[in-house]
């Protein structure tokens, strides 16, 4: 009976042009995220519809399409306090750090953007474990290093050429 069911599923999938082939034992019960998502009536205007990943867990970024509000959640759907963004700001980018989900910091966003366009002359910021700018930043293409403030702005007079002693940015420029 199981073999017949699998054959029927595969036949139907191929007939519909779908290449999904179920694997033995691949069926799992629905997760709370999938239950919540599927409980929203189809086509209901203004309803919040949770988004789930392939494993059925809540995706870190959740948005309410009709209001424009976005926020971060844990994989079990718990809201992360302080992460809600109002309409017009755009979707929030949530980051996982040591199992905690939090919004990406300006340093992490700048680093991500720089890595998208890696080429000579584009400096890629370095961030600490909390996502803040490291006090010393260096150019991979020129070898120059300099100190930055907490916003990632270069502090004038701190740039050092390659092969010379560096300024101790963490103590001198706090």
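Backbone N, Cα and C atoms are what each Cβ position is placed from, and that goes for glycine too.
Remember, TrEMBL labels are computer predictions, not curated facts.
Feature annotations, courtesy of TrEMBL:
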- 1-17: signal peptide (SIGNAL)
- 30-94: domain 'Thyroglobulin type-1' (DOMAIN)
- 33-52: disulfide bond (DISULFID)
- 63-70: disulfide bond (DISULFID)
- 104-169: domain 'Thyroglobulin type-1' (DOMAIN)
- 138-145: disulfide bond (DISULFID)
Inter-residue C-alpha distance, residue 63 (disulfide bond) and residue 145 (disulfide bond) (nearest angstrom): 40
Return only the integer: C-alpha distance in Å from residue 145 (disulfide bond) to residue 70 (disulfide bond). 37
Counting only other Cβ atoms and using a 10 Å cut-off, which of the disulfide-bonded residues 70, 138 scores lowest? 138
